[in-house]
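This is the structure, below, for whatever I ask next.
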Amino acid sequence: MIADVAKSDKIVVEKSTVPVKTAEAIEKILTHNSKGINFQILSNPEFLAEGTAIKDLFNPDRVLIGGRETPEGQRAVQALKAVYAQWVPEDRIITTNLWSAELSKLAANAFLAQRISSMNAMSALCEATGANVSEVAYAVGKDTRIGPKFLNASVGFGGSCFQKDILNLVYICECNGLPEVAHYWKQVIKINDYQKSRFVNRVVSSMFNTVAGKKIAILGFAFKKDTGDTRETAAIDVCKGLLGDKAKISIYDPQVTEDQIQRDLSMNKFDWDHPIHLQPMSPSAVKQVSVTWDAYEATKGAHGVCILTEWDEFRQLDYKKIYDNMQKPAFILTGVMWWIP
């Protein structure tokens, strides 16, 4: 621990997404073990996205630094601000109190997830009414108060951050006696789960209400393009849903290994953070899943194709060739919005 070895006053910087008041807990631990050394705790949450981390680091929308509202705390804030000022314009460096910085990171991720769930909820209504969800997203995004980002309907959001951070926010609300607010944010998760199950139901209903014994090709297993990260990917729920109806699954993703896919399909929800609970897939389930390293091989002889990750290479595929090599009647269903006009 830094408290054991520090010989002069130190600044300790939180980078991870943490519950509000974590800095206070760190401060108490360090102060208790400090041997007279003064520690200033700062909250400096990262806003990096997987696949664009270096770009986000060197050209951030903003840098957020939170510190104690004391002379010592503000000196620590200015010291860290001076580091970022070497390459970040000063007007993009925001300083707040500790708790605002910690909560802002949770709020940012919750708002992004909320936008995705909002558009996914609209996609269900669009299908029910005959509206085109891409046209609705385009029209809504043209409002400068809203903007076009994160308005792409999809099979559902994934990754290690959004669901975890929303559940963190829900817990904080409940602990602070705000059940109505907690319930509001829970709905973002519920809509996300609903969208994944709705997609599975759409696949099954499109294929004459059963996929039993039918080969379904899954294009994309990572939770988004340009990463091999599969944590909380919607593909897990979709594959499990189709396997539950006795489908045969053939999976292709350019960056996800077969071992990773088999592990993911063996885990129960939330188990990715606790591999000790991992149970191997049953022999019967293993026989129903194959992983290939070629999109055309994955789709050959398939009754249906599900596109679940927006990999750029999937835009370049020869879909006539894919269709010609599929069983007929053939179905291609996309869980991603390929473009907005």
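Numbers here mean position along the shown chain, with the first residue as 1.
Any Cβ shown, glycine's included, is placed from N, Cα and C.
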Of R231, R263, R315, which does TrEMBL put in the NAD(+) site with T17, E50, K164?
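Candidate in the recorded NAD(+) site: R231.
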Would you identify which residue of K7, K10, K105, K190 TrEMBL lists as part of the substrate site it also attributes to F47, L48, A49, E50, F150, L151, N152, A153, S154, G158, K224?
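Checking K7, K10, K105, K190 against TrEMBL: the substrate site match is K105.
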Can you tell me the mean pLDDT for the domain 'UDP-glucose/GDP-mannose dehydrogenase C-terminal' (217-341)?
87
Given the NAD(+) site residues T17, E50, K164, R231, which other residues of that chain have a Cβ within 8 Å of the mean position of their Cβ atoms, reported in sequence order?
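Going along the sequence, the neighbours come out as G159, S160, C161, F162, D165, E232.
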Could you state the whole-number distance in Å separating the C-alpha atoms of T17 (NAD(+) binding site) and A49 (substrate binding site)?
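The separation of the Cα atoms works out to 13 Å.
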Compare the Cα of F47 (substrate binding site) against each of the recorded positions C161, K164, R231 and report the nearest.
C161
What is the interatomic distance between the Cα atoms of C161 (active site, nucleophile) and R231 (NAD(+) binding site), given in whole Å?
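C161 (active site, nucleophile) and R231 (NAD(+) binding site) have their Cα atoms 9 Å apart.
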Give me the CA-CA distance between R231 (NAD(+) binding site) and A49 (substrate binding site), in Å, as a whole number.
14
